[in-house]
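Student: Take this structure, written in structure tokens, and hold onto it; I'll ask about it next.
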Amino acid sequence: MSQRATASETVTLPDPAERLLAIRNLDAGYGDLQVLSDVHMDVADGEYVVIVGPNGAGKSTVMKSVFGLTTYMGGEVIFDETDISQRNPDEIIYEGISYVPQTGNVFGSLSVRENLEMGAYILDEVPEDRIEDVYDRFPILRERSEQSAGTLSGGQQQMLAMGRALMLDPDLLLLDEPSAGLAPDLVEDMFDRIDRINDDGTAILMVEQNAKEALRRCDRGYVLVQGQNRYEDDGTVLLNDEQVRQDFLGG
Amino acid sequence: STEQTGGDGGDGGDGGMTGTGTESGGDSGPESPDVLMVVGYPQSGVQLFKDFYADYGDDAADILVTDGLQDGELPSNVGNDMSNVRGTAPSAAGPGVDTFTEQFTSEFDYDEAGVFTSQAYDATAVQILANLLAGENDGQAVRDHMRVVANPGGDTYGPSELPAAVEAAAAGENIQYEGASSAVDFDENGDMASAQYQVFGFQDGGGVDTLNTVDFSAGDDIPQPEPNGSGSDSGRTIRFGVLMPETGDLGPLGRPIRDGAILPALQLEGEVDFEFDYQVGDTQTQAQAGIDAANSLVSAGYPSITGAASSETSIQVARNVLIDNSVVGCSPASTSPTITDLEDNDYMFRTPPSDALQGQVLAQVGVDELGAETASTLYVNNSYGQALQEAFAGAFEAEGGTIVNQVGFEQQQSSYTSEINSAMNQ
Amino acid sequence: MSEPEAAPRQETAVTSDAIESPLLEVDGLRKEFGGVVAVDGATFSVAEGSLTGLIGPNGAGKSTTFNCITGIHEPTGGRVTFDGQDITGLAPYTLANRGLVRTFQIARELSEMTVLENVMLAPGGQVGESVLRSVTPGLRSEVIKAEAAVRDRAWETLEFFEIDHLAHENAGNLSGGQRKLLEMARVLMTDPEMILLDEPLAGVNPTLEEKLLERIHELRREQGLTFLLVEHDMDVIMNNCEHIIVMHQGSVLAEGDAETITSDERVLEAYLGGDV
Amino acid sequence: MSTVDTIRGRLDALPDVGLVVGFIGAIWAVMLVLAIAVGGANWANLAAGFVGSVTVLIGGYAILALALNLQWGYTGLFNIGIAGFMAVGAYTTAILTAPTDPAAGAVPGLGLPLWVGLIGGMVMAAIVGGLAALPALRLKADYLAIVTVAFSEIIRLIVNWDGLAEVSLFGVPVGTGGATGISFKSANDVASTLINGVGQPLVTAAEGVGVSGPNLANLTYGILLLLVVAASYWVLARITDSPFGRVLKAIREDETVTQSLGKDTRLFKIKTFMIGCALMGLAGVLFRGQAGYISPQQFRPTITFYVFAALIIGGSGSNTGSIVGAATFSGLLFYLPARLGENISLGGTRAPGNIVDAVAGFASLDPAPLLAYIISNVSTLRFVLIGVVLIYIIQNQPDGLLGHRNEPATSVSLDRPQSGSGGETDE
Amino acid sequence: MGIAEFARDGRVVVGERPGAAVVAAVGGFLLLDLVAKLAGTTVFFVGTKLLGGSLTVSSLLSMVVDGLLVGLAVGLAGIGLSMTYSILDFANFAHGDTVTVGAFLGWVAAYITAGLGTGAPIAELFMLNSGRQLSTVSTLAPVLLGLVVAGVGSIGIVLLIDRLTYRPMRDTDNISLLIASIGVALALRYLIAFVFGTETSGVASGGLRVTVFSMISVTDNEITLLVVSVLLMLGVHLLLQRTKLGKAMRAMADNEDLARVTGIPTERVIRLTWILGGGLAGIGGYLLVLESGTISFNFGWILLLLIFAAVIVGGIGSIYGAMAGGILIGLVDSLALIWLPSGLTRASAFLVLIVVLLLRPSGIFGGVSTA
Ligand SMILES: Nc1ncnc2c1ncn2[C@@H]1O[C@H](COP(=O)(O)OP(=O)(O)OP(=O)(O)O)[C@@H](O)[C@H]1O
Ligand SMILES: Nc1ncnc2c1ncn2[C@@H]1O[C@H](COP(=O)(O)OP(=O)(O)OP(=O)(O)O)[C@@H](O)[C@H]1O
Ligand SMILES: CC(C)C[C@H](N)C(=O)O
Ligand SMILES: [Mg+2]
Ligand SMILES: [Mg+2]
């Protein structure tokens with residue numbers, strides 16, 4: 001493995017056999033603009049991995065690249081032993097990955113319920129029981145089920161987006177800053193839910209600015225800077241690393 | 001009572017539909033006119049008659065049309081034999097008409113010589129002769145010799161003797177060209193001194209039937225100036241432009257007229273010791289496009305132009321291009337009375353007669369042949385349509401008839417139902 | 001309208017409980033969307049020179065309150081007073097010209113214009129915004145002179161926010177955090193008296209976050225600006241705001257300093273969720 | 001300091017002026033070559049005719065493209081009602097200046113001098129533009145587009161309506177002439193007067209080489225139009241290189257933000273609409289009414305789309321690009337193909353009347369009929385060309401021929417002031 | 001200050017209710033006038049005519065029928081415009097020319113089949129000027145075949161155009177797409193002109209006339225238009241209702257990237273959009289020609305503004321809105337004659353468009369969800 005630098009000597013990489021997602025030497029960007037260069041990342045089956053880093057580092061771009069939403073410039077994205085680096089998003093979803101983007105993550109003009117139905121688009125029938133599950137997780141959504149999603153408050157939209165992604169019971173869930181804009185109690189709540197989702201066996205790759213909390217809870221973490229891997233290690237190790245704290249976690 | 005409402009379908013203040021004093025109303029509704037007089041051009045005509053027959057069928061009213069709709073293809077394009085239609089148009093009645101028809105149909109792929117084609121031939125022929133007599137490709141010089149070669153005085157030549165006429169004019173002789181459409185004598189306004197009209201109906205298998213003809217003979221003196229040009233040495237190039245609606249509303253009539261206008265050059269090429277250089281400009285049946293095309297011909301240095309067809313275009317081209325640039329225009333088809341009075345420095349001529357006469361002929365056909373007491377007019381909203389329907393309305397009322405509605409319409413609309421309804425008083 | 005070089009206002013002592021000189025007063029503000037009542041009689045005031053926090057659960061009506069104050073939405077009822085004058089329902093530009101400006105929850109840069117142009121746009125009442133002045137030969141020299149002054153100030157402001165190295169860059173090419181800085185810089189150029197900040201720190205990297213807060217305090221100290229801040233990060237709110245307003249279901253649930261708030265049962269229940 | 005800025009500002013404009021002059025010069029050269037190629041002995045006159053006509057076209061489209069650039073390129077106002085505003089200007093001028101005792105069959109006007117008419121036309125176009133803008137400005141770009149194009153059609157239908165062809169206004173007979181149009185004092189007369197007066201020696205000289213008076217007048221008119229273009233450019237450059245222009249750009253980017261920064265964007269938009277429409281009105285008379293005659297036919301929406309094509313080809317957002325685009329569009333795409341088609345002939349092959357006959361010849365291995373058909377239809381095909389070029393440009397060079405030109409909207413140099421001589425001392 | 005007040009007042013005045021009140025008042029007056037006209041009475045006020053006149057019920061009915069028929073075809077054509085407008089997010093100015101292309105393809109096919117064996121020269125058949133007039137009763141098979149070809153042909157053309165023009169531009173802003181569509185419109189229209197000339201040809205004319213309620217008289221071709229367009233509209237309704245397509249289209253219109261990550265096959269939805277929209281446009285054009293009887297190279301372009309009016313009045317993105325908007329605009333265009341001179345009736349349809357955009361930018365039926 002070619003990590004440029006590691007925070008500590010003890011890197012616990014998942015066993016290659018267990019790797020659900022493997023990103024190798026990935027170069028990607030938008031149009032002519034290259035954002036990521038030579039990025040590596042792994043997520044094992046059922047693992048909970050967090051990416052942190054300064055604004056503009058390319059964290060969201062990693063997520064989008066996994067889902068085929070960026071301009072591919074080289075490298076590989078391997079999921080469940082298939083190379084998905086140049087596939088279309090609407091194919092990737094069949095592989096068992098769901099994605100909650102950082103912005104624009106609900107269909108504003110569709111109702112809450114229709115948003116959830118769209119989450120199950122690739123199924124033949126609308127899974128009523130799953131919708132009920134989501135409503136149970138986020139009761140406010142049941143209350144607003146006929147309101148159009150664009151008129152929900154910021155936090156409510158975040159919940160809806162999460163609910164939508166859960167409609168398919170994915171193997172891997174990509175979450176881009178799920179706690180942004182949430183009230184503190186909900187932040188806690190959200191992290192708890194994510195833990196629970198992870199406990200149910202869904203692997204998670206998450207970007208968070210609420211880095212301390214995220215690193216505390218995750219299995220492993222990556223620090224991304226200027227489109228390149230900077231550090232990677234167990235979450236708690238990163239959390240306690242002086243250099244990382246100083247540069248990225250704000251003292 | 002007559003109400004000039006021009007396209008006014010509803011009340012619009014004082015509209016035709018309102019009627020006057022009909023307080024009773026009810027469903028009986030106002031009466032349709034006995035005859036509907038339609039002035040228009042073929043392309044709009046197709047739509048207009050389709051709409052008419054679709055809503056009113058064959059026997060709601062007799063219809064009168066004019067030269068602008070004398071298109072043999074019209075019934076087949078409309079999908080109706082149009083047997084309830086009578087029309088009038090200036091006819092080809094010159095001494096050389098047979099020669100012309102023969103040459104025209106053999107040179108081009110036409111079954112018959114269409115309306116104004118002979119006038120077009122004459123217009124060009126006179127220009128060529130005037131140009132030869134003047135000895136230079138100069139508008140003013142051509143203008144000054146138009147009457148010399150056309151009006152009485154000197155030897156007489158017709159279409160069949162055109163090469164001989166060319167030699168004579170080149171030699172500086174005062175000649176008299178007698179054309180295919182008429183004797184081609186220009187009065188001081190540049191109008192024809194005499195006129196013949198035909199009354200026509202549409203034939204079953206396409207084409208038109210001439211039913212009878214009406215003559216108006218020369219009243220005024222025909223001016224005859226003396227030649228003062230030099231004549232032409234052999235080898236000279238005679239230049240003229242042709243300005244015709246090859247496309248647009250008049251396209252179906254304009255293309256044959258254009259061919260009539262270039263026929264003299266085709267006929268003379270090789271026969272005489274002169275070169276002919278002509279260029280055709282397309283007016284698209286629009287005044288502005290006509291002006292642009294005319295400017296282009298003027299830029300290219302043509303001293304005289306056969307054209308335009310539509311009166312509207314001819315008037316605007318004369319006002320805005322010809323007079324300023326001292327270029328002669330000779331229209332083979334523009335019939336609006338306005339052209340007579342154009343302040344044109346004598347640069348505008350024409351070979352058909354003015355519609356001041358056609359209105360009378362139409363009214364006669366309406367009253368005498370069709371026995372109409374009431375009539376409505378439906379006219380294309382331009383110098384041609386407006387003037388001709390007015391001439392008709394005046395004559396029709398003078399004959400004791402009543403005009404019900406006068407409705408204008410725009411060219412090339414996608415539907416004329418509303419205009420027809422207004423005119424039919426529905 | 002404020003003078004281009006307004007003298008720094010004198011420091012106003014702000015105590016956490018009594019608001020002596022309110023700059024902004026919101027009285028019974030109400031906003032309905034169809035059946036949904038987003039803001040339901042919110043009443044509060046913001047002291048001149050203070051940094052006041054506005055917090056509350058998601059959907060409490062904070063953004064809507066902002067939108068009503070700044071003229072983006074027309075309130076269904078209630079009154080907003082600024083600097084002693086009724087400003088209810090006035091258009092955004094009028095408010096801005098009176099010194100009340102806002103930033104957006106999601107930074108809205110003018111992406112096809114350079115960073116410098118973005119900032120130079122902001123000052124109010126520029127002479128060159130008159131067509132006549134910018135065209136007429138004699139009068140244009142005035143415009144040019146004013147422009148030079150605006151330019152110089154713009155550079156200073158960019159330096160203050162440490163984004164002067166990006167001055168000629170198109171604003172669209174900035175990273176998320178830089179955009180937030182630009183947004184603050186631009187708003188400052190309008191010579192405001194009060195700035196409403198809608199979650200300016202959401203998604204901002206913690207290191208940058210500290211820098212931004214530092215700037216805010218600096219502006220308060222040096223120019224006496226007033227801030228109203230919506231933020232979900234309780235650390236930020238508790239450590240920086242001397243006065244905190246808690247909204248819940250469209251109305252004000254509690255207000256006071258950090259201590260008062262954290263010890264308020266209702267707040268704990270409705271928002272902070274047990275521990276902090 | 002400010003004088004340095006002024007001078008620098010002036011120098012900055014020079015390369016652009018050179019570019020425009022060079023470009024138009026190149027198009028003239030093309031016309032000259034064509035005239036020599038097809039004109040024979042008559043080449044000089046033909047060249048004068050070609051160059052004159054192309055110059056008038058370039059001038060007309062350049063004014064329109066500049067006006068549109070202000071509205072769309074700068075402010076993002078998607079006005080596709082250009083034809084309507086041109087009509088308002090042209091008709092106002094026409095009604096103001098048409099003779100009170102017109103030729104038979106024409107409508108009378110107020111008989112005022114031309115300059116009154118021109119100013120009146122611009123003012124009226126500005127007023128109507130402002131009125132149209134008032135409600136329409138609340139709409140997003142594509143809705144505004146549809147409203148403006150509908151508006152322009154309404155204007156055209158109204159001037160076309162014969163109910164207004166001749167009416168009595170406070171006892172004075174005036175009117176639009178309806179479908180027949182209206183004749184008036186043409187600006188062309190100015191050119192004629194000019195060359196017949198002071199330009200007489202020039203006329204003599206030109207006639208010496210075979211250039212006719214009318215062609216010379218046309219050429220003169222074209223050059224006068226270019227002077228109007230230069231003046232418009234100068235005014236617009238000053239408007240856009242200023243804080244006013246900066247606000248316009250900001251509106252284009254994000255109106256809410258601009259409002260929040262204290263700019264009354266509605267007022268700016270209305271002003272922009274009025275200035276742009278005034279210019280469009282002026283172009284309506286000077287360009288469409290060159291001959292002293294206008295009719296509703298000339299103000300169909302298609303002309304609007306040609307102006308758009310011109311601006312996009314040149315590069316919207318750039319005043320220089322507007323002119324270059326207008327020249328490319330009108331000279332190379334619009335005018336040149338038509339002249340080529342007229343002057344190329346295929347020996348004796350007469351063009352078939354329809355495409356089936358043309359292709360039939362091709363089937364028997366004789367390409368001549370098809371070629372002849374194509375040549376006789378170039379004036380149709382050039383619009384296909386224009387469409388394709390438009391698509392190509394928007395796909396591959398969305399910023400136009402001149403490429404993206406980020407012209408900062410300011411009247412001074414934007415470099416960092418030298419430390420020490422800061423702005424504060426400047427007051 | 002002054003400006004501020006002005007802006008605020010403006011917001012109130014241009015707000016929904018006062019505008020609606022004005023519209024209602026004008027509408028009420030026109031209705032009153034209509035009643036007076038039907039009753040044949042004229043009301044004078046201080047010497048000038050206030051309202052009234054005369055109008056027969058049968059002519060009113062015939063206007064209604066005309067408006068309805070044109071409106072149906074416009075609505076049919078409008079569905080496609082509405083769909084591409086909301087899903088691809090741009091105003092497609094080439095839509096009118098798609099209507100023309102479809103109509104030409106369909107009519108050429110109909111003509112050639114009808115002309116087979118009659119000895120008419122193929123050139124005349126192809127150029128649509130053999131002078132023959134088709135009608136549903138007399139030439140049923142060719143007319144139906146033409147209908148199919150119009151639909152299929154325009155689908156082909158539209159897909160080709162999408163491939164060449166819009167697909168490489170998927171990520172660009174909607175105004176660029178709009179401009180590209182202007183280019184497409186020009187190219188298409190003049191290619192048609194190049195092939196078929198600029199002449200208006202008469203191609204259809206009713207073969208049978210039926211009189212209903214002894215007042216309304218319609219031709220077989222008009223009945224065909226009515227039946228086919230109603231059937232197609234029903235079909236579209238069912239398609240969007242019974243499949244996920246409708247919702248997927250709305251989701252895409254909303255947020256394309258999100259739609260893709262949700263698993264919606266966006267390219268396929270786009271293709272289906274073009275297929276539906278293009279096909280209906282072509283058929284709409286074909287039927288319009290069947291009704292009016294004539295065809296020319298720019299009739300779709302001239303119609304475009306009317307189609308836009310229909311779509312916007314109905315609310316962009318709403319299929320039912322497009323249908324209803326089409327009928328409304330068709331009726332306005334036709335009935336305006338009761339109050340306006342015929343030169344201004346078209347202007348009134350545009351005026352309705354503008355008024356709707358200003359008072360209710362989301363359209364009369366906007367907000368009512370589709371399918
Ligand atoms: N659609 C896009 N087109 C062009 N550049 C983009 C696009 N999206 C992001 N970028 C650029 O790519 C770089 C990385 O952006 P990205 O969104 O991945 O950052 P991030 O690490 O997620 O930051 P943040 O924490 O602010 O969300 C930035 O410089 C950004 O400006
Ligand atoms: N345009 C609208 N139409 C209908 N309801 C709306 C609209 N805008 C906001 N709401 C509703 O009003 C309530 C308040 O929303 P608002 O955005 O003000 O909340 P907030 O306090 O800013 O929340 P957050 O912290 O999540 O951003 C929410 O329930 C929201 O659904
Ligand atoms: C060609 C002709 C029908 C022209 C018509 N006589 C006119 O004056 O307009
Ligand atoms: Mg991100
Ligand atoms: Mg909010």
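Keep in mind that glycine also has a Cβ here, set from the backbone N, Cα and C atoms.
Since we're looking at a predicted model, the values are computed, not measured.
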Student: Among E:67-88, E:331-352, find the range that TrEMBL records as transmembrane segment.
Tutor: E:67-88
Student: Could you tell me what the rest of the chain brings near the transmembrane segment (E:100-123), counting residues at least six beyond its ends with Cβ under 8 Å?
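Tutor: Here the qualifying positions are 130, 132, 134, 139, 141-143, 145-151, 153-154, 157, 188-189, 192, 196, 203-204, 278-279, 281-286, 288-289, 295, 297-301.
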Student: Do the transmembrane segment (E:295-313) and the transmembrane segment (E:143-162) share at least 3 Cβ pairs under 8 Å, sequence separation 6 or more?
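Tutor: Since fewer than 3 Cβ pairs under 8 Å link them, the transmembrane segment (E:295-313) and the transmembrane segment (E:143-162) do not come into contact.
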Student: Taking the transmembrane segment (E:223-240) as the first stretch and the transmembrane segment (E:21-47) as the second, find out whether 3 or more Cβ pairs fall under 8 Å, excluding pairs closer than 6 in sequence.
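Tutor: By the criterion, they do not touch.
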Student: Short question: most Cβ pairs under 8 Å with the transmembrane segment (E:143-162), which of E:21-47, E:67-88, E:174-196, E:269-289?
Tutor: E:269-289
Student: Near the transmembrane segment (E:67-88), which residues from the same chain, at least 6 beyond its ends, have a CB less than 8 A from one of its CBs?
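Tutor: Sequence-distant neighbours of the transmembrane segment (E:67-88): 95, 98-99, 166, 177, 222, 225-226, 229-230, 232-233, 236, 249-250, 252-253, 269-270, 273-274, 276-281, 283-285, 287-288, 291, 303, 306-308, 310-311, 314, 316-319, 321-335.
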Student: Is the transmembrane segment (E:269-289) packed against any residues at least 6 beyond its ends, judged by a Cβ distance under 8 Å, and which are they?
Tutor: 70, 72-74, 76-81, 83-84, 87-88, 95, 98-103, 105-107, 146-147, 150-155, 157-159, 162, 203-204, 224-225, 228-229, 232, 236, 239, 245, 248-249, 252, 259, 295, 299-300, 303
